[in-house]
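Participant: Below are the features listed in TrEMBL for this protein:
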type	residues	note
SIGNAL	1-34	signal peptide
BINDING	Asp70, Asp345, Asp386, His387, His461	Zn(2+) 2 binding site
BINDING	Asp70, His181, Thr183, Glu340	Mg(2+) binding site
ACT_SITE	Ser120	active site, phosphoserine intermediate
BINDING	His349	Zn(2+) 1 binding site
Amino acid sequence: MWFLTCFRRGLVMFAVRVSVLCYLLCMSSGSVEEENPEFWRSSAQNTLRSALSRKLNSNVAKNIVLFLGDGMGVTTITAARILKGQLQNRSGEETVMNMDTFPFVGLAKVYTVDFQIPDSAATATAYLCGVKTNLNTVGVSAAARNGVCRSQKGNEVTSILKWAKDAGKSVGIVTTTRVQHATPAASYAHSASRTWYSDADLPTSAVTGGCMDIASQLLRNTDIDVIIGGGRKYMTPKGFPDPEYPTDLKAQGQRKDNRNLINEWLSMKEGKVARYVWNKTDFDAVDPEKTDYLMALFEPGDLRFDVERDPSMDPSISETTEKAIRILKKNPKGFFLLVEGGRIDQGHHDSRASMALHEAVALDDAVARGLELTNEEETLTIVTADHSHAFTFNGYPFRGNSILGKSPIFAMDLLPYTTLMYGNGPGHKITNNKRPDIRNVDTTDKDYVQQAAVPLDSETHGGEDVALFARGPMAHLFQGVYEQNYIAHAMAFAACVGTNQEHCAATAEPDKTPFTSIDPGSSAPNTPFGAMTTVMLSITMSVLLH
């Protein structure tokens, strides 16, 4: 037995060494010019000159466009960058994403008041409302308790979307999820549970306690000019047939109160040009110059993944971003727009890296569209994430190796592995004490599920800091490492909305008067900040966070 064990170990080590040798012998450089040291010196000098010539833009931000990649951690950004280049028939590593061109970069700490690793509800409350809170809660301080209706009363916090609206600006939300989902919900709703999408989702205690579902709050709390995403079934009465899927029972309306919130929304806009659309044909027919309000809901729930999207029925996130900006920019006082690439997160939860990365590439394309339609001198543009995922980029792949491919060096079990993997998730499959053999598996397929170390039905979020990219007025405020709730305060300061408006008297002469600093610990609304909640059951977490 001892002899066989030693023999097997020796065989494994021999195989690994052979793989390494083949790797070194077969390895080729990215290009001939990269072998010349002057290539790298010249590139670095160009970057240095760009940095030295950079001037601070201290104008007041007339407009703010916040691009939020849900679950778009640094590993996702790197992998998406490579994928974007490879989709253009390049090696990929040297690709420059649109967000990469932003001159100011910072890191945001994403923990919540009660958990080391956050969810999208608590993080959205932080970067939109300027207050850190508890897991699973939306638009309330940490004095509110998860799922406890009575605890949210008096603990509501408002968002920069509302501050911008109160300042006379137009406001909008664009998402690839349902418009009642955690990220967009934090811009307008206050809820002790992110899952109270419609009144059908309210527990009895919430109904008797007078808590309102998130879809109802979409109409009631803030007059939002542009609402684009999914979520039709939370807006219509129970059993109401969906216009796109009339025979699908799961797509039917869910509301128990028999209200049709879409019709109510239209009636609330009497005297204005308000349009509701649910398909691309009608969406394309909307004239931004003649439209005051737009609600576009393209699916009963979340939108389809971009690689599965029917272009004849659903517009891309670039197209929805463009429509929103063209409508909002008519306001001479400016606008605030939240654009969420929400299905990056859902691709990761499924451990389908291809889906997640294509969603990130689509969001980066939307960033380019946003930059084309706005003026950097007056528009603050930010790209960031709410949290990351248990997502790794590993092994020693060759330069130009498919980002969705396999490492050329096999593991100790003499089986290949992909360069993208997950720390946990549905990809954990062990049979007879062995990993699956993926030598004949197309790991670039959109439905391929990456292997994972720990078995879970749904892969979890990650807790490391997330990157923030900024350009435009006061973009330099976003350098460094800071708490995630600082983002809302810095955006508000840049746009002269909310609190911290002492500097705004000098706006008639931008670039003449230096701006004062702000206190990252302050909050735009005066709200209480309570104690931490008790730890929830892990099984409840896995359900709520998916």
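Yeah, the Cβs are placed from backbone N, Cα and C, and that goes for glycine too.
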Participant: Quick check for the class: what is the C-alpha distance, in angstrom and rounded, between Glu340 (Mg(2+) binding site) and Asp70 (Zn(2+) 2 binding site)?
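Facilitator: Computed Cα spacing between Glu340 (Mg(2+) binding site) and Asp70 (Zn(2+) 2 binding site) is 7 Å.
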Participant: Between the Cα atoms of His387 (Zn(2+) 2 binding site) and Ser120 (active site, phosphoserine intermediate), what distance do you get, rounded to the nearest Å?
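Facilitator: About 7 Å separate the Cα atoms of these two residues.
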Participant: If the Zn(2+) 2 site is taken as the center of the Cβ atoms of Asp70, Asp345, Asp386, His387, His461, which further residues of that chain fall within 8 Å of it by their Cβ?
Facilitator: Gly71, Met72, Pro118, Asp119, Ser120, Thr123, Ile344, Ala385, Ser388, His389
Participant: If you count the other Cβ atoms within 10 Å of each Cβ, which of the binding-site residues His181, His461 comes out on top?
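Facilitator: When each Cβ's neighbours within 10 Å are tallied, His181 tops the list.
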Participant: Spatially, which candidate from the recorded positions Ser120, His181, Thr183 is nearest to Asp345 (Zn(2+) 2 binding site), comparing Cα atoms?
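Facilitator: Sorting the recorded positions by distance from Asp345 (Zn(2+) 2 binding site), the top entry is Ser120.
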Participant: Just give me the nearest neighbour of Asp70 (Zn(2+) 2 binding site) among the recorded positions Ser120, His181, His349, Cα to Cα.
Facilitator: Ser120
Participant: Please report the Cα separation of Ser120 (active site, phosphoserine intermediate) and His181 (Mg(2+) binding site) in Å, rounded to an integer.
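Facilitator: With the alpha carbons as reference points, the distance is 9 Å.
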Participant: Across all chains shown, how many C-beta atoms besides its own are within 10 angstroms of the C-beta of Asp70 (Zn(2+) 2 binding site)?
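Facilitator: I get 30 for this one.
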Participant: Express the distance between the Cα positions of His181 (Mg(2+) binding site) and Asp386 (Zn(2+) 2 binding site) as a whole number of Å.
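Facilitator: Rounded to a whole number, the Cα-Cα distance is 13 Å.
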